[in-house]
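This is the feature table in TrEMBL:
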| type | residues | note |
| --- | --- | --- |
| ACT_SITE | Asp89 | active site, proton acceptor |
| BINDING | 19-27, 151-155, 199-201 | ATP binding site |
| DOMAIN | 15-217 | domain 'Deoxynucleoside kinase' |
Amino acid sequence: MSNIWYLRKNVIQVIVLSGPIGAGKSSLTSILAEHLGTQAFYEGVDSNPVLPLYYKDMKRYTFLLNTYLLNHRLAQINQAIQDKNSVSDRSIYEDALFFKMNADSKVADPTEFKIYDDLLENMMEDTPGNPSKKPDLLIYIHVSLDTMLDRIKKRGRSFEQISTDPSLKDYYARLLRYYEPWYEQYDASPKMAINGDKLDFVSSMDAQREVLKEIDEKLHEIGNL
Ligand SMILES: Nc1ncnc2c1ncn2[C@@H]1O[C@H](COP(=O)(O)OP(=O)(O)O)[C@@H](O)[C@H]1O
Ligand SMILES: Nc1ncnc2c1ncn2[C@H]1C[C@H](O)[C@@H](COP(=O)(O)O)O1
């Protein structure tokens, strides 16, 4: 057994946040990493050269965006697994959810989705002698459509605004419908859900303490604290 494999099994843990756009993943990533005294890893939205193009032309840019994100997230996972309790602000598995939704609605080509999905599966496969890239805990932030839309508006990224492109309202509603069954079926690691409608962990210290307590309890349960 190699040293890195031993460390991965017994010491190194990666926690990933998941959930729809605006659910609060980045916010909770910062809060949790600070609480645990560990490293936070973000999606790098501002440095993503494809994302603004994608919002202008999803048909053309879905494959490119997801190829870009796959590479970015794999590089991040490779960094994150070198520390203990690293916190990452979106799981690699959610890209396939966006891509599948676009393929189902003919925005993306089903063959492109299949090629992407096979590549993802190959990349994420555990291989002897290599540390697993799977997270140790996935935390899903559940939000309703109203909350999602409020938060997207509040954050104010121009290309995500319904006031700029009214068709995005439908897109966000559809995305939410894909998220719930995705979370139910997710089985790559232990998982837990946070109520993002009820718990304002950004402004309320009470809510923040409650969320962190829930997460600490889960980490104890799976033996990571
Ligand atoms: N639980 C929460 N309660 C209230 N506001 C929140 C909550 N989580 C996030 N926000 C706010 O919603 C917006 C989107 O949050 P963000 O963390 O960027 O979401 P995500 O990373 O999931 O897209 C930000 O303005 C943030 O301050
Ligand atoms: N795989 C993806 N396909 C389409 N859009 C995506 C994908 N991953 C992230 N995004 C978008 C959604 C948001 O506009 C930004 C950042 O996500 P957020 O949930 O705000 O962290 O990127």
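Quick reminder: no glycine exception, Cβ is built from N, Cα and C everywhere.
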Give me the mean pLDDT over the domain 'Deoxynucleoside kinase' (15-217), rounded to a whole number.
96
Using all protein chains shown, find which of the binding-site residues Gly19, Gly22 scores highest when you count other CB atoms within 10 A of its CB.
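Answer returned by the neighbour count: Gly19.
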List, in sequence order, the same-chain residues at least six positions removed whose CB sits under 8 Å from that of Asp89 (active site, proton acceptor)?
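In sequence order, the residues whose Cβ lies under 8 Å from that of Asp89 (active site, proton acceptor) (at least 6 apart) are Val16, Leu17, Lys25, Ser26, Thr29, Ala40, Phe41, Tyr42, Glu43.
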Over all shown protein chains, what is the count of other CB atoms within 10 A of the CB belonging to Arg151 (ATP binding site)?
18
Out of Lys154, Asp200, which of these binding-site residues shows the lowest number of other CB atoms within 10 Å of its CB?
Lys154
Just counting, how many other CB atoms are there within 10 A of the CB of Lys25 (ATP binding site)?
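The Cβ of Lys25 (ATP binding site) has 25 Cβ neighbours within 10 Å.
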What kind of secondary structure is Arg151 (ATP binding site) part of, going by DSSP in three states?
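Assignment for Arg151 (ATP binding site) reads helix.
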Secondary structure at Gly22 (ATP binding site) (DSSP, helix/strand/coil)?
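The three-state answer is coil.
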